[in-house]
Ligand SMILES: Nc1ncnc2c1ncn2[C@@H]1O[C@H](COP(=O)(O)OP(=O)(O)OP(=O)(O)O)[C@@H](O)[C@H]1O
């Protein structure tokens with residue numbers, strides 16, 4: 001026999017309330033449960049998962065840790081990551097996000113923009129110039145510890161870069177919103193020729209790659225980005241107003257790093273890492289200089305797909 005109607009309604013209401021409660025309980029909000037910096041986790045990830053990037057590793061770790069631990073930052077953290085394709089710019093940005101946000105890159109507080117995908121039409125620049133600052137303002141007012149990653153920064157229209165400048169600056173607040181907890185990461189290939197030249201010179205001089213220091217690259221890097229005629233950076237005042245806190249160079253990866261990437265990829269796919277398979281794949285990749293075949297032309301990009309042909 002069915003229970004009396006009020007009891008049924010009561011049960012339904014209870015279940016609905018429970019569902020509602022558990023739904024809200026799982027809803028990501030801007031608090032410690034969802035945003036909790038794991039300093040040791042970031043350190044471990046950068047040391048064990050990011051190959052061949054000792055300069056970037058050191059700078060990023062110090063910059064992010066120092067910034068997040070700071071009780072009273074004067075401005076948002078602005079990192080500008082430079083390097084040729086497949087050297088790990090997106091990858092290391094992901095590692096940062098994964099060690100701050102419980103929902104990692106899927107977090108509502110992590111925003112990834114790709115210039116050619118999100119701002120493709122020059123004719124719409126006036127619309128983008130309104131939408132992008134509004135997006136940043138709206139999201140930082142919901143969650144001050146927001147992360148904004150701009151990929152292909154060198155393809156961003158200079159006026160669009162200009163439109164976000166106020167949010168990177170030292171202001172206490174803008175229209176009641178403070179941006180001082182936010183993190184901005186710019187990714188680009190700008191300056192990669194210069195980085196590769198420095199690394200090649202070290203190699204030609206027989207000096208160890210690990211001896212390369214930030215100071216060997218940083219000044220020239222900011223200048224080469226500034227002079228990079230085709231890059232959106234070149235006539236913005238991001239650089240001359242010193243809004244970028246750290247220029248981070250990503251070095252070209254060499255043969256052994258490609259092997260490390262291949263082995264990692266096999267393990268990630270649930271296979272037993274097989275050095276012979278990865279070596280076969282690596283031997284068919286393009287390296288430069290042409291004769292000596294030292295540095296990978298595509299870094300570790302496309303390795304995941306290429307491996308299938310050799311398994
Ligand atoms: N230094 C690295 N250490 C470990 N894995 C790497 C490294 N660089 C690249 N990879 C691997 O290659 C993939 C592609 O790299 P990623 O997207 O980070 O390159 P990128 O520098 O952002 O290139 P692009 O300039 O073309 O966007 C990563 O997801 C990662 O699996």
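Note that Cβ sites are derived from N, Cα and C of the backbone, with glycine treated the same way.
Copied over from TrEMBL, here are the features:
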BINDING   83, 84, 85, 86, 87, 88, 89, 90  ATP binding site
DOMAIN    75-218  domain 'AAA+ ATPase'
TRANSMEM  6-23  transmembrane segment
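Known features from TrEMBL, placed on the structure.
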{"residue": "83", "record": "ATP binding site", "Cβ contacts under 8 Å, 6 or more apart": "56, 89, 189, 192, 195, 249, 250, 251, 252, 299"}
{"residue": "84", "record": "ATP binding site", "Cβ contacts under 8 Å, 6 or more apart": "189, 192, 195, 196, 250, 252, 299"}
{"residue": "85", "record": "ATP binding site", "Cβ contacts under 8 Å, 6 or more apart": "189, 298, 299, 301"}
{"residue": "86", "record": "ATP binding site", "Cβ contacts under 8 Å, 6 or more apart": "253, 296, 298, 299, 300, 301, 302"}
{"residue": "87", "record": "ATP binding site", "Cβ contacts under 8 Å, 6 or more apart": "53, 250, 251, 252, 253, 299, 300"}
{"residue": "88", "record": "ATP binding site", "Cβ contacts under 8 Å, 6 or more apart": "50, 51, 53, 56, 250, 253, 299, 300"}
{"residue": "90", "record": "ATP binding site", "Cβ contacts under 8 Å, 6 or more apart": "149, 151, 187"}
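Checking the binding-site residues 84, 85, 86, 87, 89, 90 against ligand 1, the ones with a C-beta less than 6 Å from an atom of that molecule are 85, 86, 87, 89, 90. Helix, strand and coil counts from DSSP across the domain 'AAA+ ATPase' (75-218) read 72 helix, 25 strand, 47 coil. Averaged over the domain 'AAA+ ATPase' (75-218), the predicted model reaches a pLDDT of 94. Surrounding the centroid of the Cβ atoms of 83, 84, 85, 86, 87, 88, 89, 90, where the record places ATP, the chain contributes additional residues within 8 Å, namely 91, 189, 250, 299, 301. Around residue 89 (ATP binding site), taking its Cβ as the centre, 27 other Cβ atoms fall within 10 Å, counting all chains.
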